[in-house]
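Here's the structure we're looking at; comments come further down.
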Amino acid sequence: MTKFIFVTGGVVSSIGKGIVAASLGRLLKSRGYSVSILKLDPYINIDPGTMSPFQHGEVFVTQDGAETDLDLGHYERFTDTSMSRLNCVTTGSIYQAVINKERRGDYNGGTVQVIPHITNEIKERILRVAKSTNPSVVITEIGGTVGDIESLPFLEAIRQFRKEVGRQHVLYMHVTLVPWIASAGEMKTKPTQHSVKELRSIGIQPDILVCRSDRPLPKGLKQKLSGFCDVPEECVITSQDAKSIYEVPLNLEREGMAEQVLNLLQMEQRQPDLTQWQTLVQRLHTPKHELEIAIVGKYVQLSDAYLSVVEALNHAAISTYGKLRLRWVNSEDLENESAETHLGGVDGVVVPGGFGVRGVDGKIAAIKYARDRQIPFLGLCLGMQCSVIEWARNIGGLTDANSAEFDPHTTNPVINLLPGQQEVVDLGGTMRLGLYPCRVLPDTLAFKLYQEDVIYERHRHRYEFNNAYRDLLLKSGYAISGTSPDGQLVEIVELPKHPFFLACQFHPEFQSRPSSPHPLFKGFIQAAIALSLSTSTTPTPLEVS
């Protein structure tokens, strides 16, 4: 039978529950167990798809087209397992489902209440994940902090869950903060004690305490927490701050977390195989090259808005023994100041996705700078659209070229709405979302990187390359290297005579893994390293037959 682990958080938000859940998933998978990880988010939005990146960070898109919390990216990257729309549940989606059932008459005229109707729906969503892929373990992260009113229905549901599926099949893990108070010269356990007290008042006794701190917990302090929180000493786990999130699974393995989890759930103890992960961390700490990459975006004030892009760059850099430094560039700054001021000296430029006209001219200026200066360039989604506009304006002779998104009345809409999008009114869940095939054309940089005729990538967009301008741009030297299987949708463009200039309509960052960096990011980083090592101001272009 599937086992269930529930991860809650206390004391402060953003304490790292998602990384703990993902790390535990990795440790279990290294022992041969299959894992699925579920996020229960307490906000009332149906999904994060329409939420501001400044508030919520990036929207992570699953293969089946769900717009989900960024933590699902951590789950996929750490466990190397693709999640689905079943793995992200919000309060809004729960209430929507219950209200729809009430409208259909499913409750036979009964009074619809938080208990049992909302809690039953939550439990059903958890069981649905277990039934869908039949994993050995389902790990469920409860968003928010214990004590928040928004989380109460979720906590009540997981309290009931243990009784219904059996105590031996359920484990509660509580992630909390043990701060170091410099003025006192000691670590304080009181916040954790109060957090556990709050959790116990709801009816949940944690089986394992994961204590986030900036230093190891002394044995005496673990004994103290064990006594006050009624948790065995060996189940008080230190989660010490790390320079990289990829160190966390190894740190938790040294603390014996997986061993205790298997003991408590009465599962077979198996020898872990973490060789691949250890190699990853070893490469992380022994770089041979240093390079600086500029990310030119609209939401750079919150780096989480581009989390998967950053991680994909890290994966590629680690695989090539590169030490990555990021230069965050607000695209709006490039509209009033020279590109040289903000991009001078970088080894590569990434223009990621986004929506709306704000800052677009700055993105276009960054792309022109990278093209003119022969600096490796990678455009993602909106980044591809901006690269098409830049080329059309400056090389194709269409000085007023634009996207219909930015100027609905432009005379040269080189980027236009996808077919079927003209009548769409709602914003949420209505774009081209999820995994789609792409035909990679031979004798192109894209084919050299992928080494495959057909690839599958995740999409999240409403606008596309306008085929009315295809011949014009091709004649001016622009190259199309990837299309939909029917050839109608342009998916990848590139410049053959540039060291590395490639842009794609999809989001390759969602498919990158620490153990298998995405080919586009790896090729981009290799080109950036070549530039950083070059003594010439004009690097030699990559050869494409």
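Note: Cβ is positioned from N, Cα and C throughout, glycine not excepted.
With ASP148, ILE149, GLU150, LYS188, THR189, LYS190, PRO191, THR192, GLN193, LYS224 listed by Swiss-Prot as binding CTP, the candidate from SER13, SER14, SER23 annotated for that site turns out to be SER13. Summary of the site annotation: Swiss-Prot records ATP binding at SER14, ILE15, GLY16, LYS17, GLY18, ILE19. Screening the candidates ASP69, ASP71, ASP80 against this entry identifies ASP71 as the one listed for that site. Among GLY344, GLY345, GLY348, GLY354, the residue that Swiss-Prot places alongside LEU382, GLY383, MET384, GLN385, GLU405, ARG462 at the L-glutamine binding site is GLY354. When the binding-site residues SER14, GLY18, GLU141, ILE149, GLY383 are compared by Cα distance to PRO191 (UTP binding site), the shortest distance belongs to SER14. Look at GLU141 (Mg(2+) binding site): DSSP puts it in a strand. Looking only at other Cβ atoms within 10 Å, the busiest spot among the binding-site residues SER13, THR192, GLN193 turns out to be THR192. In three-state terms derived from DSSP, THR189 (UTP binding site) belongs to neither a helical nor a strand segment and is classed as coil.
The number of other CB atoms found within 10 A of the CB of LEU382 (L-glutamine binding site), across every protein chain shown, is 26.
The ATP site is set by SER14, ILE15, GLY16, LYS17, GLY18, ILE19, ASP71; from the centre of their CB atoms, other residues of the chain with a CB within 8 Å are GLY9, VAL20, ALA21, GLU141, VAL175.
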